[in-house]
Structure formats: structure tokens, C-alpha cells
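Engineer: Sharing the features that TrEMBL gives for it:
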type	residues	note
TRANSMEM	17-38	transmembrane segment
TRANSMEM	50-73	transmembrane segment
DOMAIN	64-315	domain 'G-protein coupled receptors family 1 profile'
TRANSMEM	85-109	transmembrane segment
TRANSMEM	121-143	transmembrane segment
TRANSMEM	164-186	transmembrane segment
TRANSMEM	223-252	transmembrane segment
TRANSMEM	264-288	transmembrane segment
TRANSMEM	294-314	transmembrane segment
Amino acid sequence: MYGSGTWFFPSKTTASLFIMLFFNQSIFYPAVFFLTGIPGLETPHWHTWISIPFCCLYVIAISGNGMILFVIITESSLHEPMYYFLSMLSFMDLGLCLSTLVTVLGIFWFNAREISFDACIGQMFFIHGFTFMESSVLLAMAFDRFIAICNPLRYATILTNSRIIKVGFAIVLRGTTALVPLLVLLKRLSFCGSHVLHHSYCFHPDVMKLSCTDTWVNSTFGLAIVISTAGLDSVLILLSYVLIIHSVLCIASPEEQKKAFGTCVSHISAVAIFYIPMISLSLVHRFGRHAPPLVHTLIANVYLLIPPVMNPIIYSVKTKQIRKAVLKVFLSKLI
């Protein structure tokens, strides 16, 4: 009541602002998000059958990358820069698989769709972190092939063990420092509408779309991070292969040309199966708003599972030293 004797009744706008301030914590920090399995196939019957191929893919990815790591660590003949970088790639693939295994299989086996906001942030940290780091490892592997082919006499002096360790630390530092601000910005958003995600794991663009506040800063910063990490890495990888091709074509002997290109086949395959699904998923999220939900789900699962599954197979088939080491381990176990 004011001095004039009139009563003040708050307007609807003022009341809504008061309610928003009062329930500020529940808006900014939702209790849970709800993950989605395969759209249209949510029944327990379908989940039982769908879980079988997913389990097989996870088993292949974890056992394959674990085997690559094991043989590189135990076999002294593989203690070379090329295989150190391959062990880093296998470690990133293992981390990527383990980051999503619990939520993906939890949906299919127990219909456990709920995930807390903090757990969702944590899962995003590992998924995107390992993705950025894998991109950096692929760039390091391209540099390794460039030195081995274009400047083989200085290969051992350039890629020393101490430098490879420094490269490993730089990869981890780059991935985490790029990701932490992105997730901090996500914490400032309000989630006052739907809390249903479109994937079986927490993916940054998917979570960001659920916000009822302006996400321009988050979207711009996220795009800048992708361009400065995976985007820059892909350009540098392409540049390295342009220089490699130029150097190889200057070799007179066709046999030597074939041998030089043969050492790059595995890495080129790994680059392709990593970047093609990643670019496809980014394009679908940004421009495919009217695409069927099943398209989003399929591309998202290909993006996360196919590189970890295929990389050990490619390197085991195409790299003679890895193949011999794996066979040696299996034969010794059988004996």
C-alpha cells in the first residue's frame, strides 16, 4: 500500500518474472533429461533384438582396441612413433565406446531413459573430449606419415620419444581446454520446456536445442570450437597428403610409389570413417530439422560406433606388423 491510499497489484508480467526468479534453480538445472532409443521401436520386444547388434559392435570395438593397445605395449618391435600414435587412437576409441555404453545398453536392456543434468554434462565432456582428441591424433598420424615419406632420413631425430609424449599431452590439453568453456556456457541456459533428447546419449547440439533461452552464444562458440579443432585438423591432414602425393610422384620406381602409398592406406581409411559420419551428423543437426528422427539416430550411432569398430580391423588387416603381433599373441595363448 502506497501513501496515496491505493493498493498496488502486480501485473501478470511482474508475477511471471517473480515466479521465474523463485523457481530459478529448477529452470536452470532440470532434474533429469530423457534419452531416446530407436524412434518407433521403443517396445521391449524390439529393444531385445536391437540390443544384439549393439552388443556385438561394443564387444568388437572394446576387444579390438584393447588388443591393439596390448600388442603395442608388450611387443618391443612395435615401440616406434607410428605405433605409439596408433595406441593413442585405440585409447580414444576405447574412451568413446565406454562413454556411451552404459546409457545405450541401459535403454535397450532396462528402459533406463532418465539421466541427471550433471551426469549428462559429464557424458558430453567425455564424448566430445575424446572426439576432439581423436581428431588431433589423426593429425599427428598424418604428420608421422609425412615425415616418414618426405624426410625419412630425419624421421628418428624428429619423432623422438620425448616429443611424442609432449604431443600426447598437447592433444589432451587441447581437447579439454576447448571443451570446458562450452559446457560452462551450457550451464547458464534455462530448460523450461521438453527434456526429451533425440539420442541414446547426451550430445551438445541436442541438449542445446531444448533450451528455452537464446542459444546464439552457445551455438557460435560451439561452431568456432569445431572449426578450430576438427575443421583445422582436417585441412592440415589434407595438406599433408597433398605434400605426400607430390613427394611420392617424384619417386621414379612404380614399386616404391606403391609401397609408399601402401603405408598411408590405413590412415586414410581411419580419417574417412571418422570425419564423414562426424560431418554428416553436424549437417543433420544444423540443417536437417525436418528429417525423420530415425535419420538422426542412425547417423549418431554410426558416428560413435563405426570408427572404434573399424579402426582395429583396418590396422590389423592392412598393417603387417600389427597382424603378426596379434597372431603371435593368439598362438601363444593357444599353445
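Heads up, the Cβ atoms here are built off N, Cα and C, so glycines get one too.
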Engineer: Determine whether the transmembrane segment (223-252) and the transmembrane segment (294-314) share at least three Cβ pairs under 8 Å, counting only pairs 6 or more apart in sequence.
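Structural biologist: Not in contact, no.
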Engineer: So which residues does the transmembrane segment (294-314) touch in its own chain, when a touch means Cβ under 8 Å and the partner is 6 or more beyond its ends?
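Structural biologist: Sequence-remote neighbours of the transmembrane segment (294-314) are 36, 38-40, 54, 57-58, 60-61, 64-65, 67-68, 89-90, 93-94, 96-97, 100, 127, 134, 198-201, 203, 266, 269-270, 273-274, 277-278, 280-281, 284-285, 288.
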Engineer: For the transmembrane segment (264-288), name the stretch out of 85-109, 121-143, 164-186 with the most CB-CB pairs under 8 Å.
Structural biologist: 121-143
Engineer: Mind looking up the mean pLDDT for the domain 'G-protein coupled receptors family 1 profile' (64-315) in the predicted model?
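Structural biologist: Mean pLDDT for the domain 'G-protein coupled receptors family 1 profile' (64-315): 90.
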